[in-house]
Amino acid sequence: MDTAGIMRQARRARVAVFGVFGLNGFLAAMWVVHIPAITGRTGVSHAVLGVLILVMALGGIAGMQAVGPVADRFGSRAVVAAALGALAVTVLGPALATGPVALGAALLAFGAANGALDVSMNAQAVHVERVYGRPIMSAFHGAFSCGGLAGSLLGAAALRANWALPVTFTATAILGALAACMLTRHLLPAGSHTGTTIPGTGTTPTPRSPTEATDSDAAQPHRPTAASAATGPDAAAAATAAQPHQPTAASAATGPDGAAAATAAQPHQPATASATGAAAAGSVNPARGRRGPWRRVLPLAVLAFAVLMTEGVANDWSALQVREHLRVSSATAALAFGAFSTTMTLGRFTADRICARIGRVAVVRWGTLLAAAGLGLIIAVPWLPTTLAGWALLGAGLAGAVPQIFTAAGNLGSSTPTTDMSRVFGIGYLGFLAGPSVIGRLSESSSLTIALLFPLAAVLLCAAGAGVVVPPGDEPAGPVPARAQDQPAT
């Protein structure tokens, strides 16, 4: 495909991914705003509802873990299409449920579809971002927030108009399914435009053989280079002809015949070319290769756990903290979550430009430090204006962190990038669920405000460990640029 064709396809894909994120937020919000009506219809108590929400969460985690290998094999576009269609259909289930068991089954299916979509749409977003050659991930997450706002407003309007639940959700399911069909046809297929960027990023697209296209392309670098490899029992793997000013890295791994394959590395930093021939072949440790992804995934998963735990705390406890600590009305206390969610949404639409200027590590580090400053204000100064400012700072600080962590998880250079992302997502989601519970327990022995020292420590840990969002190979390791091949050696 020529450059103009790549530009058109990439831009259509970007708009489609925006739509997918927005539709996900819209469908999720339609369930949330109808929870009181659905629990009234099914006769579910608060205690039972808590159990059913946990069932939905477990379904989400299961969907996240199941979808990774599938997307790595068939491509994220196919999985997004299936998961988004399933989400549009399963959103109807809670509205049709007539009892706790039926509601639990419906929420399990809805959660599984949502978890599968969460991982696959972020994998597609990483793919599109790579073709663009610049940060655009945070804005996709901003689209999710906007979709959630739209769903909340339309859901509230339907409730105000006294629409029957089956009518509202049938219309939602039909519109969601139609939108899914229109959006997913424009997503990028597996392997499309790998190693290319659209004009304006200082690079030129490099054509690829169709036989090279795999979904692990979503873990490859932005900028194309060229290399040739000599193979055979005693052959040396030579990496040559990198583009000027854009050195990348390659590390050799060899098969039974000593054939060298180079793994991918991100641009902007020089790194070493591969070792040679049989000597390199003797250095390969397959067991180490299997352990390697977890060594890279786990630090990112810890960051995701800490950041999403803090976000969960803000969602569930911000209003209650303001009401109890400052003795204000519930209406005034609700401003705390409003401040948090507003700055988080706005921050996600500005984080990409900031990331392009200062880099992913700085966005995570300074963002989590800003979040820590916000929590410090909330804890230390019992005054409404500063407390609201603290929750606003917390939202702004966390806005760019999660997208950068997820992007890093999709850029680890392994042959299973979506599986890597699913692991980070799953552990991060556990943090989102566990955080509010931990705060509740801590507040019983002290106070809700003092309990916020726990997420404060968590975001400071994130600031200290922000360096893990650097993709492997970005660190300088030598002066010889080399082309990164499409598939890591196994």
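The backbone N, Cα and C atoms fix where each Cβ goes, glycine too.
As written in TrEMBL, here are the features:
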COMPBIAS  194-206  compositional bias 'Low complexity'
COMPBIAS  224-283  compositional bias 'Low complexity'
REGION    192-290  region 'Disordered'
TRANSMEM  15-37  transmembrane segment
TRANSMEM  43-62  transmembrane segment
TRANSMEM  74-93  transmembrane segment
TRANSMEM  99-117  transmembrane segment
TRANSMEM  138-157  transmembrane segment
TRANSMEM  163-183  transmembrane segment
TRANSMEM  297-314  transmembrane segment
TRANSMEM  326-351  transmembrane segment
TRANSMEM  363-384  transmembrane segment
TRANSMEM  390-412  transmembrane segment
TRANSMEM  424-442  transmembrane segment
TRANSMEM  448-470  transmembrane segment
Contact set, same chain, for the transmembrane segment (448-470): CB under 8 Å, 6 or more residues outside the stretch: 266, 299-300, 302-303, 306-307, 309-310, 313, 317, 320-321, 324-325, 360-362, 364-366, 368-369, 371-372, 375-376, 378-379, 382, 397-398, 401, 404-405, 407-408, 435, 438-439, 442
Feature contact check the transmembrane segment (99-117) with the transmembrane segment (390-412), CB under 8 Å, 3 or more pairs: no
Distal contacts, the transmembrane segment (138-157) - CB-CB under 8 A, six or more residues away: 17-19, 21-30, 32-34, 121-122, 125, 168, 341, 344-345, 347-352, 355, 399-400, 402-404
Selected stretch (most C-beta pairs under 8 A with the transmembrane segment (15-37)) from 99-117, 163-183, 297-314, 363-384, 424-442: 163-183
Segment proximity, the transmembrane segment (424-442) to the transmembrane segment (363-384), 3 or more C-beta pairs under 8 Å: no
Spatial neighbours of the transmembrane segment (297-314) far in sequence, C-beta under 8 Å, 6+ residues away: 337, 340, 344, 364, 368, 371, 391, 394-395, 398, 401-402, 405-406, 408-409, 412, 420, 423-436, 438-439, 452, 455, 458-459, 461-462, 465-466, 468-469
Contact between the transmembrane segment (74-93) and the transmembrane segment (99-117) (at least 3 Cβ pairs under 8 Å, separation 6+): yes
Residues of the parent chain within Cβ reach of the transmembrane segment (99-117), under 8 Å, 6 or more residues beyond its termini: 20, 24, 28, 31, 38, 42-44, 48, 51-53, 55-64, 66-67, 79-80, 82-84, 86-87, 89-91, 93, 425, 429
Tertiary contacts of the transmembrane segment (326-351) (same chain, 6+ residues out, Cβ under 8 Å): 135, 138-139, 141-142, 145-146, 149, 311, 314-315, 318-320, 363, 367, 382-384, 387-389, 391-400, 403-404
Surrounding residues of the transmembrane segment (43-62) on its own chain - C-beta under 8 Å, 6+ positions past either end: 35, 99-100, 103-104, 107-112, 114-115, 118, 426, 429-430, 433
